[in-house]
């Protein structure tokens, strides 16, 4: 129990002292990869709840179109894609961070978005239409906090300057697009190969 409390205290420390916290995560073994995983998964679940339980005043998503699995995947996958893309780019740009370090950065950085998202779901059910813009602004705070923590984390674990971090993050976005394109191309090609083999097999069976 004390271990859990200590980990949560360190999570709080990370939110308000990100440079120091991420330095300790990288060089002193602080943080907990399981907590980072729980936070990422919890954010995926929070987005499912967002589609289902956000107040009707701000929720225009049709209930019959809700797909929990798709929502979860589309929430978590971009985070994992960022980790892989940034690590790939950093290996070419003298980055010192390991893929585990980046995973910890994303896991801990997602906490503000998770907390603000949960709060948004609750608040959305008690506000009126005129107050909706305030709710969006409130949720944006969590998003900006997340971006700030990611920037601090990338800068710290890779030992970059602010300028190098900005360049790397832009390059990471490009790398992510390339990875998506190659993945789509690969799966499309595999689908065609499987379809060809299946057709060939059926033709062989009919002839023999």
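Backbone N, Cα and C define each Cβ position, glycine as well.
The feature domain 'Yip1' is assigned by TrEMBL to 13-182.
Long-range contacts of the transmembrane segment (32-49) within the same chain, counting only residues at least 6 positions beyond its ends with a Cβ under 8 Å from a Cβ of the stretch, are 7, 10-11, 68, 71-72, 75-76, 79, 100, 103-104, 106-108, 110-111, 113-114, 117-118, 121. Positions annotated as transmembrane segment by TrEMBL: 32-49 (among others).
Sequence-distant contacts of the transmembrane segment (69-90), counting only residues of its own chain at least 6 positions beyond either end whose CB sits under 8 Å from a CB of the stretch, comprise 40-41, 43-45, 47-48, 51, 96-99, 102-103, 106, 110, 154, 158, 168-169, 171-173, 175-176, 179-180. Per TrEMBL, transmembrane segment is recorded for 69-90 (among others).
The transmembrane segment feature in TrEMBL is assigned to 102-128 (among others). If one looks beyond the transmembrane segment (102-128) by at least 6 residues along the same chain, the residues whose Cβ comes under 8 Å of a Cβ in the stretch are 11, 14-15, 18, 21-22, 25, 31, 33, 35-37, 39-40, 42-43, 46-47, 49-50, 53-55, 57-59, 79, 82-83, 86-87, 134-135, 138-139, 141-143, 145-146, 149-150, 153-154, 157.
Annotation source TrEMBL lists transmembrane segment at 134-154 (among others).
What TrEMBL records for 166-189 (among others) is transmembrane segment.
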